[in-house]
Structures are given as C-alpha cells and as structure tokens.
Amino acid sequence: MLTFPLINDTSRKIIHIDMDAFFASVEVRDNPSLKVKPVVIARNPLQTGGRGVVSTCSYEARAFGIHSASAKEAYDLCPQAIFISGNYEKYTKVSKQVREIFKRYTDDIEAASIDEAYLDVTENKIGAQSAIKIAKLIQHDIFVELGLTCSAGVSYNKFLAKIASDYEKPHGLTLIMPEEALEFLAKLPVEKFHGVGKATVPKLHALGFFNGGDLQKADPVDLAERFGVYGWELYQKANGIHNSKVKNYRERKSVGKERTYGKLLYLPDDIKAELSKISGKVSDSLKSHQLKGSIVILKLRYSDFTTLTKRKSLAEKLESPEEIAEVAQEIFEELEYDESLGVRLLGVTVTEFGAQKATLDMQ
C-alpha cells in the first residue's frame, strides 16, 4: 500500500526576489525618455521579417496585452511600441550588482534566473528576526543604488515565496505565514501554481481541479496514478509543503529545460524547431549562471511514454543557443526516430561544467 507522509518544515524564512520587468526597466533607467512608454525587448519585427521573440516588456507594454509572444504579435498589439534589441552584457552586470546587495544579508542564495533569486534568511548577517525587514531593506537598496524596483515574496518555503512575489507587482511585498498558507492556496487557480504548464491545466480542469482547494481535497494516490510523481508534488504544494532547500551554485551540476506538448509532434522539422526554442532557454539559464558545458543531453518521450535519452560529448564547452541547438538536432538525427508515434515531451540539458568558475549572476 502506498503511503504519503506529509512532513512540512515551517521553520525557514525564505525570500523570493523578482526584478520588475528587468531588461526593460534597465533600458528605461538608462534612457529616461522611455519612461511611461511601451518598451519591448526584442528586435523590431519590421527589420527582421517578423522573426524574433519578446524577452520582456515594460508594464506600459503589458497593458496592451503583450507578454511572452513573438515580436510580430507584439507589434500587432501595439504598433507604437519601442523595440530594443537588448544588451545581455549590461543586464548581466546589473544582475551582479543585485547579487552584491543580497550578499549583505545572506550567503544562502539561489539564482532562479538572471532576474530572480531565492534567499534563505533564517540565519542572516544582520541578526534580523524578521524576513520582512530584510526584504524591505533589499528593495530599498536596489531602488536607491540601482534605480530599479523588485517584488518580494516571503514565506517558509520556496514555492510559497515565489507565489507571494508574483501576488503584487510591481514593487510589491507579500508575506504568507504558515497559518495562512492553506487558505491562501485554496483560492489560488491551478494555473497560478508554479510548474503547472498550459498542457496540464485543461487536464486538471477536466478532473474537477480548478484551484488549490480542489487539490487539497483530492486523493493523493489518485493524483500520483494520473500524473506520476508530479501529481504527488502538486498535492504537497496545494497543502503548503515544499521542502526543497535554497541551493547555491556549488550544488548545480546541470542546466536543462523540458517541454510537454498537448498536441503531439510528428514532423522532424517541427521537432527540430522546438529543440531550437528549448536550447534558447537553456542558453539563457547558462548565461545567467555564467556556465558552459561540454555535454549535451537530448530527451524525447513518445506518446506511449517510451523515453529516449542520448548524450553527446564535445571537445569545447558551449553556451550559445545556436551551438546547443545544433548539437541537440544532431543527436535527434542520430536517433532511430519513429514518426508514427508522435512526441509528447522534449528536453535539452547541458552538463559537465568542469572546473570553470561558476559564479552566478544573482547568486
């Protein structure tokens, strides 16, 4: 008989910091004439034939409905938007400056990306008992010294802290206490749960799960049977349980991204195009962590859940999206791909970082 022990550590004090519209905010800071204008970080689609994707955009641009989209879609929504190609080196430099501010308060820092990080301030450098106090100090320091705003979430685990940071933006600060977690999560739509993708939402809705309250009342064994380990993790999260520790860069051994498809992929060209997109996300993560790897791993899962995994070792370390995509596509071509089955999941991972200095941008 399966058993599911519910062990909940509520003793930690975790802060999640999310820089507000980071790339766009840096550009507006450095060019005040852009203030209160719709700024989109992407190459101008009129100059690229409609190619390119939006990295981020200002809140003024988001008011037009622009979020994660192609540059062409962004232009269609807001023709008056100001498109800026972006300067990754500049953003990385600012990210390091944010990191130095974090280090005033704790060394227990985990970079989730170039513009967000988790901090464990249970024990901290200023002897503060209040995580809220530290979050306010960090917000103050970032605003005064860097001219930028960030949103902060405070709770007893990473999952809740991240949800809290997204609750009130921009420049918000939200606290979720242990005794408030269940009620807070009960009202939260399932699509707001970190890790629930677009393909999973309709499946949950079809089963009658629309919010955290529905998941709290679910049978964990049934969820696990339907969704595997992820179903059990979802049940735990709905009950405020997420005991993953804040991990610094020394514990990072690989960087990877996966995507599950509600509509199966069949054509090799479509699969290669998706591998390019995933490789771009892996590259962003590698760059934000200042890492390069010499092994690329491709993961492919068919509609019948048969999973293929193949790796390729390289003489040189890589980090660019083009290089990663090229290797991932080469690995795919070497697989005995069965086009009749259809692909439900693709994943790309880069590992074998070696002895390089792995200093994280925000860590």
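Here the Cβ of each residue, glycine as well, is placed from N, Cα and C on the backbone.
The active site annotation in Swiss-Prot covers Glu116. If you look up Swiss-Prot, you'll see Asp18, Asp115 marked as Mg(2+) binding site. The domain 'UmuC' annotation in Swiss-Prot covers 14-197, and the record cites sequence analysis as its basis. According to Swiss-Prot, the feature site 'Substrate discrimination' maps to Phe23, an assignment based on sequence analysis.
Look at Asp115 (Mg(2+) binding site): DSSP puts it in coil.
Reduced to three states, the DSSP call for Asp18 (Mg(2+) binding site) is strand. Asp18 (Mg(2+) binding site) sits 4 Å from the residue listed as 'active site', taking the Cα positions as reference. In the shown protein chains, 25 other C-beta atoms lie within 10 A of the C-beta of Phe23 (site 'Substrate discrimination').
Of all Cβ atoms in the shown protein chains, 23 besides its own fall within 10 Å of the Cβ of Asp18 (Mg(2+) binding site). Here the domain 'UmuC' (14-197) has a mean pLDDT of 94 out of 100.
Counting other Cβ atoms within 10 Å of each Cβ, the lowest count among the recorded positions Asp115, Glu116 belongs to Glu116. Counting in whole angstrom, Glu116 (active site) lies 12 from Phe23 (site 'Substrate discrimination') by their C-alpha atoms.
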